[in-house]
């Protein structure tokens with residue numbers, strides 16, 4: 001009895017002080033420079049460094065090689081809105097792959113603010129940990145709203161979202177975490193606004209809503225923004241219907257709303273005025289600007305969650321790209337079955353659950369069925385990649401699952417539940433083999449059937465308080481297996497800055513700050529943190545004027561007019577050509593005599609470039625460490 005009372009007291013303390021406790025965790029992590037980045041993959045020069053836990057992952061290159069390197073480059077750029085370090089050309093650092101800048105627009109990207117006041121390691125820590133804790137907290141509060149304040153289910157929901165395979169494999173990329181934080185927080189703020197009569201609190205909620213709406217809009221990744229917007233608009237409408245009878249509205253509210261919209265409009269106009277040219281260029285790119293998508297989704301993706309308990313510990317030989325096809329664990333088709341039981345069999349009246357189901361089936365139609373052009377335009381469906389739409393369908397599945405459990409009445413007999421769960425598990429595991437047959441071994445299939453039999457049985461038996469407690473425990477186990485092990489727990493950024501090679505690059509940049517660099521067979525963005533103006537660093541949008549100097553007839557414009565990672569390959573005896581390897585990877589096969597057109601000054605490469613020297617250009621080795629060299633390019637024209 002005493003132990004139970006003490007446990008209850010401890011849990012009550014954690015719940016009551018959850019926000020201060022999370023702030024304390026954030027402060028401690030920032031002090032000790034804790035983060036989840038896979039930057040250890042950049043340790044080409046064997047800097048002595050030990051991960052605290054887990055493994056860094058090469059497949060997370062968009063995180064450690066792109067997003068993190070761009071952020072670090074801003075320290076050399078004094079956090080200006082535009083930089084000439086990335087692409088070795090004037091580049092918008094705020095709008096695309098949003099990075100920390102000293103600009104009022106940064107209020108829409110609050111998780112980047114740490115970079116402005118902290119060193120690189122602590123800024124990275126703040127970025128990682130604040131987003132993780134914010135998503136955990138906001139999802140918990142949203143879960144309370146979704147479940148009529150059932151804290152066990154709310155925590156289970158928070159874990160299913162925060163430590164889902166989708167969130168963890170995409171963490172720090174394309175604003176996915178921010179979209180879920182802002183979207184859920186927006187719904188919570190509307191609910192708060194409508195349930196308080198204190199106008200100071202209403203004003204604060206409205207001002208927070210300005211940041212939420214602006215932050216969501218400026219993620220600039222429509223493939224997720226558009227379908228997530230559908231979900232959050234539906235939820236906001238539900239909140240309005242739920243509270244409309246008791247909501248008191250007067251002239252003060254009108255003034256608050258008008259003022260908030262005006263502030264949002266002014267701030268967004270400021271950002272758009274800075275980035276208008278960027279937007280124009282982006283909208284006219286071959287990728288991602290001019291892509292149109294319409295139906296024809298892959299049905300087997302609905303079962304991508306099934307093997308995810310193995311991915312973080314057994315990442316080899318996965319036939320699909322584990323990042324691209326990661327999912328929310330929604331246990332499809334369990335949410336639909338459970339919702340049918342609650343609404344039809346148990347005759348529960350639940351407008352939200354009905355609305356979520358309706359939107360679910362609308363999105364399934366969008367996913368599979370090609371729409372007429374006018375519907376593509378009206379619904380914005382054409383801007384949404386199928387694989388991203390399927391992610392949002394999975395999010396809806398989690399919402400339906402948790403909402404259904406919160407309304408579920410006891411189901412009997414338990415023996416029938418277990419048998420049905422076993423049959424369902426066999427079916428979903430079998431259907432997942434169409435995508436993962438080459439990955440599975442027999443013992444893995446057996447484990448999956450047992451695991452999902454147990455988990456699905458727990459779901460169907462979760463009507464009681466004890467059942468919900470067991471469901472929460474099961475979600476903790478699932479979160480650990482599918483999400484918590486994906487990213488490492490690491491500290492510091494010494495692998496980026498503390499090699500002799502990087503110090504030499506830094507010295508060269510100090511003495512020749514306008515020198516233009518090409519990086520070969522290293523991560524192309526790895527020199528950005530010390531200010532090396534790298535022409536083939538990630539082209540977040542194309543520099544057409546530069547590429548036209550190599551392609552005056554615009555023969556290859558469809559190749560380089562895109563977001564691109566660019567590998568530079570030197571030739572002595574062939575004309576310069578661009579080759580499209582994948583939608584975001586380009587090979588620039590360049591004749592050495594054309595390097596002068598790009599004003600290239602230095603090469604960082606493991607290759608021997610002296611063999612490319614001729615009467616027009618000479619490659620002079622000025623530094624080497626192990627297999628990696630630095631060449632100065634001399635022109636004789």
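Any Cβ shown, glycine's included, is placed from N, Cα and C.
Caution: TrEMBL annotation is automatic and unverified by curators.
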Looking at 167-184, 185-202, 203-220, which stretch does TrEMBL describe as transmembrane segment?
203-220
Can you check which of 290-309, 470-489, 490-509, 510-529 TrEMBL lists as transmembrane segment?
470-489
Cβ contacts under 8 Å made by the transmembrane segment (101-118) with residues that lie 6+ beyond its boundaries:
30, 71, 74-75, 78-81, 93-94, 124-127, 130-131, 134, 178, 211, 214-215, 217-218, 267, 270-271, 274
Over the domain 'DUF7657' (17-406), what is the model's average pLDDT?
96
